[in-house]
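Some notes on the structure that comes next.
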């Protein structure tokens, strides 16, 4: 295929994004294993970056699947070998499986339990493994802390849902613009075909006009020749008449 094939451009970006996500995922797994020694800020940053990166990769994979579907629907126009088409499908499937594996781990019960534990330890200022039954925190403080944790989790979930909705709206707008650009391209192609047909018809008409002009010139030339012969015949007749009159005198 040509180096300008947009599939390979997007494929390179997707591969790069997946490699970056794998690096974040590896660090995220390390943070889960470190337990109480994990810093809240690093864990939150890594989690958010990984989640956003995976979401962006999924959108790119959807775009790649759309281009593959267009090629499958118009094989005569793109003339893409069947082997290349299958290889493109396999690439999209591999990337989707890699993304899904990381997403499944992030929402696993063990990961969620660790995140909740980390939140509690951050708010109480002491790891759960070091807590005792002392009266450092009475029952009312513990209850208030639990409610605060639940409220913070609900707020974070609401913010994440709103962000997802906004990103979905942006993605939908991009798809609409992409569809419109495709329609404009098709209309331009149709207009180009019509202009080519019109130019061909003009050439044909010009050729016919040239033929008519040549015929008219030929007829005009033939008419001129007839007039010349008529004049010669008349002059010969007059000359013959003069000679007859001359000899008769």
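Heads up, the Cβ atoms here are built off N, Cα and C, so glycines get one too.
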| message | Checking feature assignment: coiled coil per TrEMBL, candidates 19-46, 47-74. Which range matches? | response | 47-74
| remark: transmembrane segment per TrEMBL, picked from 209-228, 229-248, is residues 229-248
| query | Quick one: mean pLDDT on the coiled coil (47-74)? | reply | 90
